[in-house]
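Engineer: According to Swiss-Prot, the protein carries these features:
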BINDING   30, 31, 32, 33, 34, 35, 36, 37  ATP binding site
């Protein structure tokens, strides 16, 4: 997949502009407030039907307008068009090849995105839910049945929590547990299948950044490895019932990062943590590209302020090997001069 043209109308501070891009590394250069990150945000929005910058979607619409429109022409390898519009206090309207979509799933499948921005580096210090999203992103593209299993599992956990809060009888909780255990086992299997591919790839890429970094990467499924979920839920019922929430299950899954059984945030410097996240994101893209004809697109926001020049060069070289389309923003052109080659494209705004 690569985007050849992007048109924005009333998207943040961009009133009406059209941008052409190359199927290579695209540098977007401009001062703060010029709209660089808004271009990345619009591409991300097309893929995910949401922003990575704000949950207040009405604020994305230009203050002089009532609606924003994002339109792109892309190749996968055949030409496709994707558009998304949103009016104030209304829902998103998504179109794939001019056909309105009932949900955004097919567009997300057609437009796989990996984002690296300053907030990405908080994955290590965030809760398990953020790290579990790494697994779910990969499993979604690896296995077309994953989404339905994930949705059903999420529904059952929510249903169980609601039943606990409303003091439903234990027999009713057990009826939910039976279904939850069935779907949780399948979800765990699919996550484990992706993690098995991801773990060695992270190690491989991280060695390019810093061969001296040592860490352990483990998958925690959300409950005791040596017990069935049914047994764990039964044993923890009194505790769950006391606090009115389900404390064990696939919603508690995590990627555990440690060094000699100590959390890496206690061992790794901030710079080393950033290298690990870059390796993680690159690993996800490489696995995706090897399993799909539809290559992953990278959105990288102001990376030169996050990594030193040596590690930035390592990142760029690896991105070139992936042969994915890449969008990189920067405030200063001189920061990227050493990374530009004949295949690069520079957009100054």
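The backbone N, Cα and C atoms fix where each Cβ goes, and this holds for glycine too.
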Engineer: For the recorded ATP site formed by 30, 31, 32, 33, 34, 35, 36, 37, which further same-chain residues have Cβ atoms within 8 Å of the site's Cβ center?
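Structural biologist: Once 30, 31, 32, 33, 34, 35, 36, 37 are set aside, the remaining close residues are 38, 329, 331, 349.
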Engineer: Pick out which of the binding-site residues 32, 34, 37 has the most other Cβ atoms within 10 Å of its own Cβ.
Structural biologist: 37
Engineer: For residue 35 (ATP binding site), list the number of other Cβ atoms lying within 10 Å of its Cβ atom.
Structural biologist: 19
Engineer: Residue 30 (ATP binding site) has how many other Cβ neighbours within 10 Å of its own Cβ?
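Structural biologist: I get 18 for this one.
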Engineer: Let's check the environment of residue 31 (ATP binding site): how many other CB atoms sit within 10 Å of its CB?
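Structural biologist: The answer is 10.
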Engineer: Ranking the binding-site residues 33, 36 by other Cβ atoms within 10 Å, which is at the bottom?
Structural biologist: 33
